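Just below is one structure, and these are the notes that go with it.
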């Protein structure tokens with residue numbers, strides 16, 4: 001890439017970060033080279049630990065990617081999700097979207113420990129989440145992107161924010177759209193970022209209503225392909241089996257690709273929040289079909305949208321802190 005192109009890219013990222021952080025402080029910008037001098041091996045260290053974790057358990061790629069989402073949608077990308085309960089802090093880990101579901105915290109701990117040995121109190125936990133999400137995506141076969149860096153870590157958490165702001169599997173498309181809009185994310189971002197469900201697993205309790213009682217009248221979701229519904233019912237009964245796990249993408253559950261969208265077109269999206277992208281809006285339907293037909297377009301849009309998401313309300317400059325331990329404030 002020509003130097004002028006690199007400079008333009010960095011300038012663009014700085015401008016976006018400035019708009020999102022609501023400050024003109026030069027020290028408040030996010031940019032990929034943030035640790036170039038203070039911790040030059042930071043990205044290599046994150047990549048190495050993530051690669052080891054994903055090699056040990058392929059599912060970990062989806063788990064680490066999800067942590068970045070669930071962090072950014074609550075108070076911005078500030079690692080508030082990683083805080084354990086202590087003193088006045090009530091952890092977001094106990095919220096409905098995260099309880100018995102969010103995982104990968106030990107991998108983040110391992111990354112932080114390695115970074116603290118290399119360059120103490122330099123690399124934030126929020127930036128670790130952003131880098132781990134990118135590296136997990138790449139390891140699963142997905143797109144690569146430059147991660148803007150320079151976020152700082154929050155001094156608190158928001159259990160109510162976690163319960164209210166993170167899109168839920170049973171939300172209507174209107175509710176999901178509004179939750180994305182509140183974060184400055186549009187319809188393209190919504191559909192592209194939903195594609196993260198091309199990897200990972202979901203619990204029976206997250207989609208049971210689709211199999212038995214979609215609208216409260218005791219009838220299954222008519223948009224769910226019948227043979228697929230029967231297959232799901234065999235391991236997701238009316239009661240019990242809440243924690244039985246199912247692949248979000250039945251075709252290529254550990255590969256980051258556009259099979260997720262092909263499944264939706266075939267009526268085989270697992271979650272209600274997946275299938276409504278096809279059935280409740282012409283605009284989202286068009287994008288689902290485009291991504292189902294064009295993997296390269298999906299990758300391009302996903303990479304741009306996740307950078308945009310990573311710029312949600314970062315703590316920069318003198319705000320927040322660089323935690324020594326991602327689970328607690330200094």
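Even glycines carry a Cβ here, placed using N, Cα and C.
According to TrEMBL:
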type	residues	note
ACT_SITE	70	active site, proton acceptor
BINDING	71, 74, 76, 78, 80, 92	Ca(2+) 1 binding site
BINDING	167	substrate binding site
BINDING	197	heme b binding site
BINDING	198, 249, 257	Ca(2+) 2 binding site
DISULFID	39-119	disulfide bond
DISULFID	72-77	disulfide bond
DISULFID	125-326	disulfide bond
DISULFID	204-236	disulfide bond
DOMAIN	29-330	domain 'Plant heme peroxidase family profile'
SIGNAL	1-22	signal peptide
SITE	66	site 'Transition state stabilizer'
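Annotated pair residue 197 (heme b binding site) and residue 76 (Ca(2+) 1 binding site), C-alpha to C-alpha distance, rounded: 21 Å.
Each residue contributes its Cα atom, and for residue 72 (disulfide bond) and residue 80 (Ca(2+) 1 binding site) these two points are 9 Å apart.
Long-range Cβ neighbours of residue 236 (disulfide bond) (same chain, at least 6 residues apart, Cβ-Cβ under 8 Å): 204, 207, 208, 211, 244, 246. Of the candidate recorded positions, 39, 66, 70, 119, the one lying closest to residue 78 (Ca(2+) 1 binding site) when CA atoms are compared is 70. Residue 66 (site 'Transition state stabilizer') is surrounded by 22 other CB atoms, counting those within 10 A of its CB over all protein chains shown. Note: the CA-CA distance between residue 257 (Ca(2+) 2 binding site) and residue 66 (site 'Transition state stabilizer') rounds to 16 Å. In this structure, the CA atom of residue 71 (Ca(2+) 1 binding site) is 6 Å away from the CA atom of residue 77 (disulfide bond).
Other residues of the same chain near the Ca(2+) 1 site, with their Cβ within 8 Å of the Cβ centroid of 71, 74, 76, 78, 80, 92, are 70, 72, 73, 75, 77, 79, 81, 154, 157, 158, 161, 162. For the recorded Ca(2+) 2 site, residues 198, 249, 257 set the reference point as the centre of their Cβ atoms, and the other residues of that chain within 8 Å of it by Cβ are 195, 197, 199, 251, 252, 253, 255, 256, 258, 259, 260.
The recorded positions recorded for this entry are 39, 119, 198, 326, and the Cα of 326 lies nearest to that of residue 74 (Ca(2+) 1 binding site). The recorded positions shown are 66, 80, 326; of these, the one with its CA atom nearest the CA of residue 249 (Ca(2+) 2 binding site) is 66.
Of the listed binding-site residues, namely 76, 167, the sparsest Cβ surroundings within 10 Å are found at 167. Checking each of the recorded positions 76, 77, 80, 92 against residue 39 (disulfide bond) by C-alpha distance, the shortest gap belongs to 77. Nearest to residue 76 (Ca(2+) 1 binding site) in space, judged by Cα atoms and limited to the recorded positions 70, 125, 198, 326, is 70. Considering only the recorded positions 70, 92, 198, no residue lies within 10 A of residue 326 (disulfide bond) on a C-alpha to C-alpha basis.
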